[in-house]
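Colleague: Sending over a structure as structure tokens; questions will come in a sec.
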Amino acid sequence: MEKKKMNNLTVVAVLMVPLLILGMFGNLNLVYATWKFKELRNRNSILLAIIAFLDFISEIHEWKKAIEIFLNKALMKRITCYHSLFLYCYSFNMSSVAILFLAIDRFIAVRSPLKYRTARSAPFIALAIGTGFTYSTLFLVEPCDQTMAYSPILMEIWNYGSVSIAMAVFIINVIDYYLLRNVGKQREIHERDYAAYQRQNQFTTSMLITMVANCLTSLLSAFALFVVNLLPVSTETTGGISSYLCLLLLFNYGNNYYILFWRSHTYRTKFLEQLHLIRCGATVGFTERIATITKKHKWFHR
């Protein structure tokens with residue numbers, strides 16, 4: 001039984017390595033691009049950068065777990081482990097809250113674009129960070145395995161909170177999707193601006209892809225943990241299922257960079273420039289055009 005458990009953990013650790021490498025690479029590039037390029041310093045992009053930074057901290061903690069599985073021993077004493085988990089508790093839970101605020105931000109941008117463009121970003125971002133910090137503080141624990149360390153009551157509260165946040169993000173994204181489709185149809189009918197409609201339609205598709213990615217990772221993993229921890233199964237079984245669910249979380253930690261690279265023209269241009277795959281001098285005119293569009297439609301990610 002013990003040997004089978006170790007074999008399962010080893011498989012999980014092997015699968016964790018490429019996900020962690022790709023995720024950390026993407027998150028670092030996303031944070032750096034937001035800091036480097038002025039066009040990416042709008043409220044939506046800053047929230048994405050905050051999420052990327054928090055996910056990067058979580059990925060460092062997951063690296064520790066993977067190395068411990070390979071070595072089959074703990075890397076640190078309990079008191080040291082607590083300091084490590086202290087950061088992880090905040091990064092994991094604050095990232096969940098930041099994703100919720102990102103969904104709210106997108107909803108405001110779609111529902112009231114004029115008000116969104118004129119509103120100050122700092123208070124909203126401060127509210128997102130403050131809410132996330134307060135929420136995370138409620139779930140600080142001393143043992144090294146966060147989800148296995150909670151008392152039954154605290155675990156139930158944490159499960160309800162995680163699933164509620166994931167469901168709220170999903171519902172808001174569904175509303176955003178239909179609002180964007182309606183806006184796109186109105187532009188096509190009233191303005192006959194095909195180019196504007198194409199931009200709107202592309203953004204709508206990007207929102208749908210982001211929503212599906214979020215649903216398959218954050219919502220599925222949170223809901224699965226919610227169900228598993230309510231079932232009358234042993235701690236070992238719960239731990240084994242949680243080990244495989246961490247792969248979904250790792251995918252969730254690092255997928256934003258690659259979705260933006262795939263779907264967002266502005267982000268893709270900046271990422272390529274950042275990676276020196278596009279010569280800055282040869283793309284000045286194109287970059288200026290992107291910057292102009294970004295200023296005019298600041299709430300769009302093309």
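Including glycine, each Cβ sits where the backbone N, Cα and C put it.
Okay, these came from TrEMBL:
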- 26-139: domain 'G-protein coupled receptors family 1 profile' (DOMAIN)
- 12-33: transmembrane segment (TRANSMEM)
- 45-63: transmembrane segment (TRANSMEM)
- 83-104: transmembrane segment (TRANSMEM)
- 124-141: transmembrane segment (TRANSMEM)
- 161-180: transmembrane segment (TRANSMEM)
- 208-229: transmembrane segment (TRANSMEM)
- 241-261: transmembrane segment (TRANSMEM)
Colleague: Sort out for me which stretch, of 12-33, 45-63, 124-141, 241-261, has the most Cβ pairs below 8 angstroms to the transmembrane segment (83-104).
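Modeller: Out of the listed stretches, 124-141 contacts the transmembrane segment (83-104) most.
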Colleague: What does the DSSP secondary structure composition of the domain 'G-protein coupled receptors family 1 profile' (26-139) look like, as residue counts for helix, strand and coil?
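Modeller: Result for the domain 'G-protein coupled receptors family 1 profile' (26-139), in helix, strand, coil order: 100 helix, 0 strand, 14 coil.
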Colleague: Could you pull the average pLDDT for the domain 'G-protein coupled receptors family 1 profile' (26-139)?
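Modeller: Here the mean pLDDT over the domain 'G-protein coupled receptors family 1 profile' (26-139) amounts to 84.
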